[in-house]
Amino acid sequence: MTWLESIILAIVEGVTEFLPVSSTGHMIITSALMGIKSDPFTKVFEVAIQFGAILSVVVLYFKRFFKSCDFYFKLFVAFIPTAIVGLLLKKHIDTWLENVWVVASTLLVGGIVLLFVDKWFQKNETEGEEEVSYQTGFLIGCFQCLAMIPGVSRSAATIIGGLTQKLTRKAAAEFSFFLAVPTMFAATAKSLYDEKELILESTDKIPLLLLGNVVAFIVAMLAIKFFINILTKYGFKAFGYYRIALGALLLILLAMHVDLQVV
């Protein structure tokens, strides 16, 4: 992996991780365009730079993270469903992750769903709740389990979950960001621990990992601010059309037998 490739992948990670557009789908397209082949270090790199994205949430919402213990208890309750389902379905999840057809199909279907989300939950903006209860947090965590299917988008699943519990778009999006911290931290830490031998053997590539995290951190902060602004003003429809276009593009490329891989 070159320095330029690491920067571009980190930018893609930072932009897409917290938007309801599926970071996995974008990594597939980006890697195909740049000719990046799947290898052990590339997989470790894409996992490791998620730490930078996670940190951006903590920095942006610093006061919320250190406000009260109740905040952490709610995140813990919301994290429980994902932890349980993740442990039970790990082998199946690993298999799904290798299937680009699954990613393309879920991108397309998820995009169609997003086209109707604003209409379904229109009253939330005037009558919705701003505070997340324990029950709401748990149910959002259940929705997050859907994101284990590649292409669904963790952000899209959890925000829609929040909307079903009568949260405003902003409140649902922010709790989605908060829930990403324990969820992504646990998944990333576990993946890196499993690859600890490879990391120890690749000390010469540590600068690439550090650069990737810095870039992902900066870009993710900007993406979160952009997303909240767009979401509160215009809703989900634009993201829906974008997902449909991306999913269709992936399906066309697959039909043309273009070599696409989940790197």
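Cβ coordinates come from backbone N, Cα and C, glycine included.
For 1-21, 41-61, 69-89, 97-117, 132-152, 172-192, 208-228, 238-258, the entry in Swiss-Prot reads transmembrane segment, with the evidence type sequence analysis.
Within the same chain, residues 17-18, 44, 47-48, 50-51, 53-54, 57-58, 60-61, 64-65, 71, 75-76, 78-79, 82-83, 86, 132, 137, 140-141, 144, 154-155, 158-163, 199, 224, 227-228, 231 sit at least 6 positions outside the transmembrane segment (172-192) and bring their C-beta atoms closer than 8 Å to a C-beta of that stretch. In this chain, the transmembrane segment (132-152) does not touch the transmembrane segment (1-21); fewer than three CB pairs sit within less than 8 A of each other, excluding pairs fewer than 6 residues apart.
Within the chain, the transmembrane segment (238-258) has long-range Cβ neighbours (under 8 A, six or more residues past its boundaries) at 19-22, 25-26, 28-29, 32, 100-101, 103-115, 117, 151, 153, 156, 230. The listed stretches are 69-89, 97-117, 208-228; of these, 208-228 has the most Cβ pairs under 8 Å to the transmembrane segment (41-61). Within the chain carrying the transmembrane segment (69-89), a Cβ under 8 angstroms from the stretch's Cβ atoms is held by residues 132-134, 137-138, 140-142, 144-145, 148, 175, 178-179, 181-183, 186-187, all 6 or more beyond its ends.
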